[in-house]
Amino acid sequence: MAQPATPRTMAEKVWADHVVAHGIGEGAAREPDLIYIDLHLVHEVTSPQAFDGLRLANRPVRRPDLTIATEDHNVPTVDIDKPIADPVSRTQVETLRRNCAEFGIRLHPMGDAEQGIVHIIGPQLGLTQPGMTVVCGDSHTSTHGAFGALAMGIGTSEVEHVLATQTLPLRPFRTMAVNVDGELPPGVSAKDIILAVIAKIGTGGGQGHVIEYRGSAIESLSMEGRMTICNMSIEAGARAGMVAPDDTTFEFLRGRPHAPTGADWDAAVEAWRQLRTDPGAEFDTEVHLDAAELSPFVTWGTNPGQGVPLSGAVPDPELIVDEGERQAAEKALTYMGLQAGTAMRDVAVDTVFVGSCTNGRIEDLRVVADVLRGRRVADGIRMLVVPGSMRVRAQAESEGLDRIFIDAGAEWRQAGCSMCLGMNPDQLSPGQRCASTSNRNFEGRQGKGGRTHLVSPAVAAATAVRGTLSSPADLSAVPAR
């Protein structure tokens, strides 16, 4: 493959490969480009109005073979064989089923072996592949960028546009490189990396950019870890996040249901290797982190950028120079019920949630099981362990992880978005505090008045055992049997 005259970033390559028509005009007045979409993921919350629009215009779905749906946001994680109790949630799920049947779209409903969170089932089925454009009516579609795909969340009107045309008008983006080099210390995970990145650049630092995560620490991560990082690109304000595909990517995809096979596989891998950013390509912005200086990270406030190392303390708003940030910190501390100067390890929780499209994969559950093995959840702590898909659930049970969770006193649930967001029965009560492996700690995100601390799976498990924000290093050794 001949090198272009101007070196390009990976994101620029994927964009260029999918332009159906270039926008007319110059500068701010230029029209959007028309981009072809390779994979469209659908769920019950953002799709009903889109299907209604098709129906009113008497339009079919242009490429139902490139569209796949699942039920995730509103589904209960217990008693899934019974009718959904909440009428709004039940209506949304039933509507998705009718729409998929009418328009010929493949659906994985509750109880199906492949049902789960939309951003977990795409990769596990091999639907998400390097060099693709992927969209979904969900902000955390950026997860799929871990495969070298350009993956973006879209709104309901855009969902309708993709269903009708398999294209989307989009404006070109700026590019950002987040370089994380060096060796991660023991106990530091992908979740800690991305929380540290967001704390460094802020929740608006990536606005208008596609972030490419680079460096030796990123390359050392598993695909699960890379998905965690790309998943939270949106919390940094970015349009999308990406990691260049490599042998780790290819081994994850090999043999999956929708991955190429035989000669097609060999040709695909050869093409995927060409996606890496060209030597000499320039990014609009570059950020650098030293992996060796990272440690377990937790949030203290009400946005993902309000975070500190677990070894740190709740910051004092009076020491924040920017007036807007100071006021935001004061408001956050009032909502969170925290005092400046409080050691993060002294913050007690009521609930621990393990799951979500950020950390609901089998690797995450193995980490939690390793911490809980031979230990008990602290008295008064409720711990929910929610697999991100039914396939993850089955794998965990085949490895005996469910018994470790249950024996420790945790609740082992069915697949779904669960306590990540207050759209289903798994919610916090007002004033309850949760250590959560999810991606957002906004006011009321996990239930009205609920208080959320974003953490890694390892920190979540250790917190469940001690009852306060903790890492596995804080736990006493398990007695030998």
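Cβ coordinates come from backbone N, Cα and C, glycine included.
Per Swiss-Prot, [4Fe-4S] cluster binding site is recorded for Cys357, Cys417, Cys420. In the three-state DSSP scheme, Cys357 ([4Fe-4S] cluster binding site) falls into the helix class. The Cβ neighbour count for Cys357 ([4Fe-4S] cluster binding site), using a 10 Å radius and every protein chain shown, is 27.
Per Swiss-Prot, region 'Disordered' is recorded for 429-451.
When Cβ-Cβ distances below 8 Å are used as the criterion, the compositional bias 'Polar residues' (429-441) is approached by residues 140, 191, 231-232, 234-235, 298-299, 301-304, 306, 336-337, 347-360, 364, 419-421, 447-457, 459-460, 463-464, 469 of the same chain, each at least six residues removed from its ends. If you look up Swiss-Prot, you'll see 429-441 marked as compositional bias 'Polar residues'.
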